[in-house]
Amino acid sequence: MSSENKNEIELKNRHENVQTEKYEDETLEIEAPKNEDREKEPPLDEGYAWVILVASFFNFFFSFGNIFSFGVFQTYYLKTMFVNEPANKIAWISTMSNALTTAGGIFAAPIIRKIGLRNAGLLGSIIGTIGLIGASFSTKIWQLIITQGIIYGFGAAIVVNVSLVVPSLWFNKYRSFALSLISSGGGIGSLILVPTVTACVGNLTIGWAFRILAAAYFVSTFVGSLLVKPRTTFKPGGKLLDFSLIKDPVTIMICINGFFLSAGYNIPTLYFPASLVDLGKTRSYATNLIMLFTGLSALSRIIIATFNKRLGPINILFVAHLITGVIMLTMWLPGKTFSIYLAFYIILATTSTVFFTLGPIIIASYYPNERISQANGMSYLASGFSTIISVPTAGVVFDKVGKRTNYHPLIIMGGIFYLITLVPLFFLRRLLNKKN
């Protein structure tokens with residue numbers, strides 16, 4: 001081969017190498033930010049991160065706090081507004097609002113991808129407000145199922161999902177604390193919203209109670225959503241259902257746990273106050289105990305954050321669910337005195353809702369940021385689906401088996417459901433340990 005040909009081949013190879021390097025550089029430029037862009041990124045765990053924390057907290061404060069206050073409306077429906085309607089029919093109002101607030105989160109990821117985190121939060125704020133205002137003019141059960149149940153629940157679900165995703169983008173060192181504090185917002189909100197709604201229903205009308213709630217929800221969640229922004233460029237998956245998540249054993253175990261947890265949790269939530277009244281306490285006293293429950297539950301979620309890294313979220317969940325199942329079967333089931341009931345309710349408040357805090361923490365630590373919204377949506381979908389099935393089923397069991405006087409069949413169901421969650425938690429711990 002001549003020297004001229006060799007030089008030509010060498011020049012050609014150099015040119016190809018330059019083109020390859022240029023292409024590789026351009027690919028990196030698209031997929032990852034430049035060094036100077038990284039320097040402009042806001043720091044984690046400080047500065048605007050705390051604004052995000054406060055905004056997300058108040059989004060939870062009203063989105064889930066309203067759900068707790070709906071119990072006041074439920075009592076009004078049963079005792080005043082729909083006295084001639086069957087209780088299981090009225091129950092569909094709160095069932096749909098609870099189910100949509102959790103299960104509706106599955107729609108959040110494609111909405112966030114399409115219009116962004118901030119606009120998705122604003123959309124949820126507007127939809128939820130429309131639902132509450134619509135409820136204020138509703139006079140029939142089917143109207144309240146649509147307005148208070150479906151429309152409000154869907155709007156609140158978007159706000160909740162955004163509020164769980166954004167802190168994961170802004171916090172690393174304090175992520176567990178941030179998510180714990182945010183998830184406690186609903187319980188803390190109920191301490192203010194329940195007596196507020198009670199006063200409005202008693203002194204005004206149910207219509208004005210809904211309008212006042214709508215105004216408070218709109219102002220808080222709209223301002224909170226305006227403050228929301230990603231720390232860096234962020235786009236979640238655009239699919240409604242990510243089938244790779246469905247196939248992931250970790251996702252499957254989280255969803256199975258969420259399904260049985262919700263089925264077990266709904267029983268004391270709906271029936272313990274009534275069992276307390278049957279024990280001889282007044283309805284107002286039972287309402288005050290519900291506020292004690294939500295307050296202790298919120299406090300326990302914050303405290304859990306301090307032990308999360310030391311003990312591990314799965315270990316905490318395993319012990320908490322074991323305790324919850326055992327006390328339902330050994331304290332509430334045979335209990336016949338108020339002191340035992342009170343001790344049971346206090347312990348229940350600290351152990352039964354732990355997953356609502358640690359679930360998002362587990363998801364945020366396992367999945368990349370772009371998939372957190374969809375993973376949370378899947379988890380909440382399982383909980384919402386459980387609510388739709390378990391609440392009417394519990395009503396049928398109470399009517400047919402318990403004859404509306406015996407709570408034992410329900411208590412046994414609730415305790416067993418919590419103990420069943422130990423199985424997916426066991427496998428979840430093995431899966432996460434294997435990954436680590």
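Just so you know, glycine gets a Cβ as well, placed from its N, Cα and C.
TrEMBL entries are annotated by machine, without manual review.
Positions annotated as compositional bias 'Basic and acidic residues' by TrEMBL: 1-22 (among others).
The compositional bias 'Basic and acidic residues' annotation in TrEMBL covers 31-42 (among others).
Feature annotation from TrEMBL assigns domain 'Major facilitator superfamily (MFS) profile' to 51-436.
Positions annotated as region 'Disordered' by TrEMBL: 1-42.
Residues 42, 93-94, 97-98, 101, 121, 128, 132, 148, 152, 156, 159-160, 162-164, 166-167, 170-171, 174, 178, 181-190, 192-194, 196-197, 213, 216-217, 220-221, 223-225, 227-229, 231, 290, 294 of the same chain sit 6 or more residues outside the transmembrane segment (48-70) yet have a Cβ under 8 Å from a Cβ within it. The transmembrane segment feature in TrEMBL is assigned to 48-70 (among others).
Taken from TrEMBL, the feature transmembrane segment applies to 90-112 (among others). Long-range Cβ contacts of the transmembrane segment (90-112) within its own chain (Cβ-Cβ under 8 Å, at least 6 residues beyond either end) map to 63-64, 67, 70-71, 73-74, 77-78, 82, 120, 123, 141, 144-145, 148-150, 152-154, 156-158, 160-162, 165, 235-242, 262, 373-374, 376-378, 380-381, 383-385, 387-388, 391-392, 395.
Summarising the annotation, TrEMBL assigns transmembrane segment to 119-138 (among others).
Per TrEMBL, transmembrane segment is recorded for 150-170 (among others). Beyond its flanks by at least six residues, the transmembrane segment (150-170) meets 42, 44-45, 48-49, 52-53, 55-56, 59-60, 63-64, 66-67, 96-105, 107-109, 111-112, 117, 120-121, 123-132, 134-135, 178-179, 182, 221, 224-225, 228-232, 234, 236, 360, 364, 369, 372-373, 376-377, 380 of its own chain at Cβ-Cβ distances under 8 Å.
Annotated transmembrane segment per TrEMBL: 177-196 (among others), in sequence order.
Positions annotated as transmembrane segment by TrEMBL: 208-228 (among others).
The feature transmembrane segment is assigned by TrEMBL to 249-265 (among others).
What TrEMBL lists as transmembrane segment is 285-304 (among others).
Remote same-chain partners of the transmembrane segment (316-334), defined as residues 6 or more beyond its termini with a Cβ less than 8 Å from a stretch Cβ, comprise 257, 261, 264, 268, 272, 275, 304, 307-308, 340-341, 343-344, 347-348, 351-352, 354-355, 358, 408, 411-412, 414-419, 421-422, 425-426, 429. Here TrEMBL flags 316-334 (among others) as transmembrane segment.
Taken from TrEMBL, the feature transmembrane segment covers 340-367 (among others). For the transmembrane segment (340-367), the residues of the chain that approach it from at least six positions outside its boundaries are 164, 168, 175-176, 179-180, 183-184, 187, 250, 254, 257-258, 261, 264-265, 268, 272, 275-276, 279, 289, 292-297, 300-301, 304-305, 308, 313-314, 316-317, 320-321, 323-324, 327-328, 331-332, 375-376, 379, 418, 428, 432, 435, judged by C-beta separation under 8 angstroms.
What TrEMBL records for 379-398 (among others) is transmembrane segment. With a cut-off of 8 Å between Cβ atoms, the residues of this chain six or more beyond the transmembrane segment (379-398) that come close are 87-88, 91-92, 95-96, 98-106, 157, 160-161, 254-256, 258-263, 266-267, 270-271, 359, 363, 404, 407, 409-410, 413, 417.
Look at TrEMBL and you will find 410-428 (among others) tagged as transmembrane segment. Away from its own ends, the transmembrane segment (410-428) comes close to residues 249-250, 252-254, 256-257, 260-261, 263-265, 267-268, 271, 314, 317-318, 321-322, 324-326, 328-329, 332-333, 352, 362, 390, 394, 397-398, 402 of its chain (Cβ-Cβ under 8 Å, at least six residues beyond either end).
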Open item on the list: Are the transmembrane segment (119-138) and the transmembrane segment (285-304) close enough to be called in contact, which here means at least 3 C-beta pairs under 8 A that are separated by 6 or more residues?
Closed with: no
Open item on the list: Can you tell me which parts of the same chain pack against the transmembrane segment (177-196), counting only residues 6+ beyond its ends and a CB-CB cutoff under 8 A?
Closed with: 49, 53, 56-69, 71-72, 163-164, 167-168, 170-171, 212-213, 216, 287, 290-291, 294-295, 297-299, 301-302, 304-306, 308, 353, 356-357, 360-361, 364
